[in-house]
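For 10-231, the entry in Swiss-Prot reads domain 'ABC transporter'. For Gly42, Arg43, Ser44, Gly45, Cys46, Gly47, Lys48, Ser49, the entry in Swiss-Prot reads ATP binding site.
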Amino acid sequence: MVANLKGSRINILDLTKAFGHKTVLNSLNLEVAPGEFIAIVGRSGCGKSTLLRLVSGLDKPTTGGILLDGEPLRKLSHSVRVMFQEPRLLPWKRVIDNVGLGLQENWQSKATWVLEQVGLKDRAGEWPHVLSGGQRQRVALARALVSQPHLLLLDEPLGALDALTRLEMQYLIEDLWRERGFTAFLVTHDVEEAVALADRVIVIEEGRIMLDLPVRLPRPRDRASELFINIREAVLEQVMNNESNNKNQLLQMSH
């Protein structure tokens, strides 16, 4: 039903966001190519979720701006979808109705198809409360993808899942991203998750980009490889603000 959707290009231009006297993001500049998978990591309160809200159009910058496919972003676009840590399913609607929410023509066939993509076609007629946490997040992923977005924003969507389910969801998200070609923008606390999924890992500290690291490893990523482990540990050191971290060495690792 879908063949290689074009991902959106994002240009973040001198972006600042302040709440009162507190500056959360400070003169941020970032370019994301169409179809690229970006992971944003950093300590709690560093501004990564605020950045995602700004890119989604759910919030507005104090100064600076964001271009989505060359056009100023002023509100949530129909080509952008957000997936949160909580599935946010409507308990009074069945699974297929949650997925098809807001769709019009042929919505049932579209919803059924995307449920098949996430492995839940046989649960379409069930209520959300009978599903496991991982299954509910699969429904949330299906709901985000059913409208065929060009940009998928992922706000720590796997943070509440157990380790095995989280790993399964990571593989699922990666497979669907590779198949569809949308741009993916992931906010996560999990450095291993970031290195496993992203084309680039970006570390934010005190509202600024402190590291923008390409991860040039073949997919699917071998998490036991020495290079993967070295990159993961080096990014973690940067997140933990270890002064001995050498950014030039990081860039050499990715080649």
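Backbone N, Cα and C define each Cβ position, glycine as well.
Here the features listed in Swiss-Prot are placed on the structure.
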{"residue": "Gly42", "record": "ATP binding site", "Cβ neighbours (10 Å)": "26"}
{"residue": "Arg43", "record": "ATP binding site", "Cβ neighbours (10 Å)": "15"}
{"residue": "Ser44", "record": "ATP binding site", "Cβ neighbours (10 Å)": "7"}
{"residue": "Gly45", "record": "ATP binding site", "Cβ neighbours (10 Å)": "12"}
{"residue": "Cys46", "record": "ATP binding site", "Cβ neighbours (10 Å)": "21"}
{"residue": "Gly47", "record": "ATP binding site", "Cβ neighbours (10 Å)": "23"}
{"residue": "Lys48", "record": "ATP binding site", "Cβ neighbours (10 Å)": "25"}
{"residue": "Ser49", "record": "ATP binding site", "Cβ neighbours (10 Å)": "18"}
Other residues near the ATP site, CB within 8 A of the CB centroid of Gly42, Arg43, Ser44, Gly45, Cys46, Gly47, Lys48, Ser49?
Thr50, Ile204
Does DSSP give Ser49 (ATP binding site) helix, strand or coil?
helix
Summarise the model confidence on the domain 'ABC transporter' (10-231) as a single mean pLDDT, whole number.
94
